[in-house]
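The structure appears right after this line, and notes come after that.
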Amino acid sequence: MGRPLFYDIIEKPATSCIVTICSVIWFVIQKKSIGYSQVGLSYDTAIEGHYWRMITSALSHISVLHLVFNMSALWSLGVVEQLGHIGLGTAYYLHYTLVLVVFSGVLVIGIYHLLIARFKIDYFRRVTAVGYSCVVFGWMTILSVKQPSSKLDLFGLLSLPISFAPFESLIFTSIIVPQASFLGHLSGILVGYAISWGLIGGMNNYWALTMLGWIIVVFVFSLKKSGAYDISFLEIESLSDASLPSVRFIGNGRTLQASAVPLSGVEVV
């Protein structure tokens, strides 16, 4: 008889929470018949200021197979939380999950921009990505560098050496799932290597909370500004200086003006 699941949940609290959140979001998407275009990230929606989609696209899955594949891989990669003795652990996992979500999303939009502006491939304007695979591929890469002796278990049936898993999985998913986002997965791998080699580092509780705070602020304000969801207590309006956004909190009549520059097909990832 195998080890009870309860013990794994206790030892992988962050992974368990993320799997639960993604599963609940998938259920809501199915229940409300939400399409990928409503939650996914594309080049056009990014330049229109829909920055909130960077988060919703990462946490959303449209098909159950897509969800099961990503969550199965993520559950196996949750071993990172159990490796505190080599400098990983739950805090490290949470800190760099934030980094992977944001940086891989920014990188893939940057690659789209290069392909569109430099090589005139307008196809990438219409590509809409959804899924947690950018983060999954990022953790595959980090674990392959930090703990190359580990194994990646998929569905409890297939076991891959973690040292080869990022590129094996990249090729495998591109062949088996034609809609899989090669560039999205590659972005996760590149950010994963940047973290592993110390090119992106220095994350601690302070910087993680600061980053999370900015993510929440940008998420709420871009969601409101895009008109995708009515946030009744928050109103964004123009002042005499059109270059600066203003924010009004309904109910107290106060208006704040920012002093910074304003935020200005489908693939599964």
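Glycine is no exception: its Cβ is also placed from the backbone N, Cα and C atoms.
Whatever TrEMBL says is automated annotation, not expert-curated.
Annotation source TrEMBL lists transmembrane segment at 12-29 (among others). Same-chain residues lying 6+ beyond the ends of the transmembrane segment (12-29) with a Cβ under 8 Å from its Cβ atoms: 39, 59-62, 64, 67, 70-71, 74-75, 77-79, 81-82, 90, 93-94, 97, 132.
TrEMBL lists 49-200 with the feature domain 'Peptidase S54 rhomboid'.
What TrEMBL records for 50-73 (among others) is transmembrane segment. Counting residues 6+ beyond its ends, the transmembrane segment (50-73) has Cβ neighbours under 8 Å at 19, 21-23, 25-26, 29, 35-36, 39-42, 101-102, 105-106, 128-136, 140, 152-156, 169, 215, 218-220, 222-223, 226, 228, 263, 266, 268-269 in the same chain.
Positions annotated as transmembrane segment by TrEMBL: 93-116 (among others).
If you look up TrEMBL, you'll see 123-142 (among others) marked as transmembrane segment. Nonlocal intrachain contacts for the transmembrane segment (123-142), taken as residues 6+ away from its ends with a CB within less than 8 angstroms of a stretch CB, comprise 18, 22, 36-37, 39-45, 57-62, 66, 70-71, 73-74, 77, 80, 96-97, 100-101, 104-105, 108, 112, 115-116, 152, 162, 165-166, 169-170, 173, 180-181, 184-189, 191-193, 195-196, 265-269.
The transmembrane segment annotation in TrEMBL covers 154-175 (among others).
Annotation source TrEMBL lists transmembrane segment at 182-200 (among others). Residues 96, 99-100, 103-105, 107-108, 111-112, 129, 131, 133-142, 145-146, 166-167, 169-170, 173-174, 267, 269 of the same chain lie 6+ residues outside the transmembrane segment (182-200) yet bring a C-beta within less than 8 angstroms of a C-beta in it.
Residues or ranges marked as transmembrane segment by TrEMBL: 206-223 (among others).
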